[in-house]
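S.K.: TrEMBL lists 65-455 with the feature domain 'Amino acid transporter transmembrane'. Taken from TrEMBL, the feature transmembrane segment applies to 67-85, 97-114, 153-174, 186-207, 213-233, 291-314, 334-359, 379-399, 405-425, 437-462.
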Amino acid sequence: MPSVLSFSSPLNHSSLCGFSGDRFTLAVKNVSAAAAAEQLGVTLISDEENIAGVEIPDTAHQISTDSWFQVGFVLTTGINSAYVLGYSGTIMVPLGWVWGVIGLILATAISLYANSLIARLHEYGGTRHIRYRDLAGFIYGRKAYSLTWTLQYVNLFMINVGYIILAGSALKAAYVLFRNDDGMKLPYFIAIAGLVCAMFAICIPHLSALGTWLGFSTVLSLVYIVIAFVLSIKDGIKSPPRDYSIAGTPTSKIFTTIGASANLVFAYNTGMLPEIQATIKQPVVKNMMKALYFQFTVGVLPLYMVTFGGYWAYGSSTPTYLMAGVNGPVWAKAMANIAAFLQSVIALHIFASPMYEYLDTKHGIKGSALAFKNLSFRIMVRGGYLAINTFVSAVLPFLGDFMSLTGAISTFPLTFILANHMYLVAQKNKLTSIQKLWHWINICFFAIMSAAATVAALRLIALDSKTYHPFADI
């Protein structure tokens, strides 16, 4: 464990005692010490953490700075992103009323349970596990560290691809309200969305710096959710009885149902809970549980509202992007689409932040965000990373398929399989036989679901690839 450095006066040479290597812990007791520590690029923690003897891994980003309420809004921003405008079509249409409602409620409960398992392991073994891969590596070893790193960044990469597709689709939907011509196609809007996302990533150095932007994100989410819900209800009242039957052959129904199950878990889970929990103030487990309870109670209500309202209004003909099917004033639809576009930019930054943290820490990007080295690094590296995301988004703009594939190959393993097994390994001496059996049932069930959902998602992508060409305007 790194040595601890404590002081109560401005930092000077005599204060520097007993640290070794490139990683150490610093207990900070006043502002001048914190400022000096930031210049040195050390990790800042509170006295409470120091007394607890919790080791903090080296990171270029801020940790232990946010309240549970702010972290709760980060989590709620993720689940109420503009993706919610697709759940009526990608979850309810394949599942129908009965299984759709049951599925969403069950997914809420099991997602809260799985995330709480991960949250409780955040300080396991006397170490603050600020990254998912750190926790897996601590419990299993180096191979698991690498495997988890791969799974997580595949997961986040595909989520980011989905957000850029979503932002581009929202921008196009706003455009066609005023000019319904072939002058601008979806790939062009995706390129614009990618550029805006890159500009935002360059301006916001780390996750904790979102601050006020989370407030804007909440307002933007309410704008498109309320408008989509109200316009859908108006359409539903005026429309004749809808058809809620599940279309397709028996074989296709099986695949679409499995794909929808992947969308269910995708809707609620980030795949980066330790990274989000790293920003929360002490006590980290207690505060994180408060944030999770906020996310899975108050936070899910807007998602339920727009998902059920959209399906009620349009039935089996509900589009995969709800705003594409609603009728109403042009100004209202334009406002909702622009809000969805802007909120997607903010939400993408949350899911891209683990990659940014990895790159910044690896290359020693610390100190002032406006320093020439730091600013130029963000322009080149973050801009390059999002350029790759944008290119993939434009080549394969199949939003629903990416949601299914992301849930299948990464959300299932990270959030459900790995969470249950890590908790089982970490707490094996404290669990009863019944509790161990329960975790093994979860592990086996979600492993089967992950494999089946991966096959279903790849089938959907293969079918859509035959229907649409690369850089399709859909």
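Note: Cβ is positioned from N, Cα and C throughout, glycine not excepted.
Provide an account of the burial state, proximal residues and distances for the features listed.
M.R.: Residues 86, 157, 160-162, 164-166, 168-169, 186-187, 190-191, 193-195, 197-198, 201-202, 320-321, 352, 355-356, 359, 363, 460-461, 464-465, 468, 470-472, 474 of the same chain lie 6 or more positions beyond the ends of the transmembrane segment (379-399) yet place their CB under 8 Å from a CB of it.
Same-chain residues lying 6 or more positions outside the transmembrane segment (437-462) and placing a CB less than 8 Å from one of its CB atoms are 255-256, 258-259, 261-262, 396, 398, 400-401, 404-405, 407-409, 412-413, 416-417, 420-421, 423-424, 431.
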S.K.: Short question: which residues 6 or more past the ends of the transmembrane segment (213-233) have a Cβ under 8 Å from it?
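M.R.: Tertiary neighbours of the transmembrane segment (213-233) are 70, 73-74, 76-77, 80-82, 84-85, 204, 302, 305-306, 309-310, 312-314, 322-323, 326-328, 332-333, 335-337, 339-340, 342-343, 346-347.
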S.K.: How about long-range neighbours of the transmembrane segment (334-359): same chain, 6 or more residues beyond its ends, C-beta under 8 Å?
M.R.: 59-61, 74, 77-78, 81-82, 85, 131-132, 152-153, 156-157, 159-160, 163-164, 166-167, 170-171, 173-174, 177-178, 193, 196-197, 200-201, 204, 206-207, 210, 213-214, 216-217, 220-221, 223-224, 227-228, 270, 272, 275-276, 323, 365, 381-382, 385-386
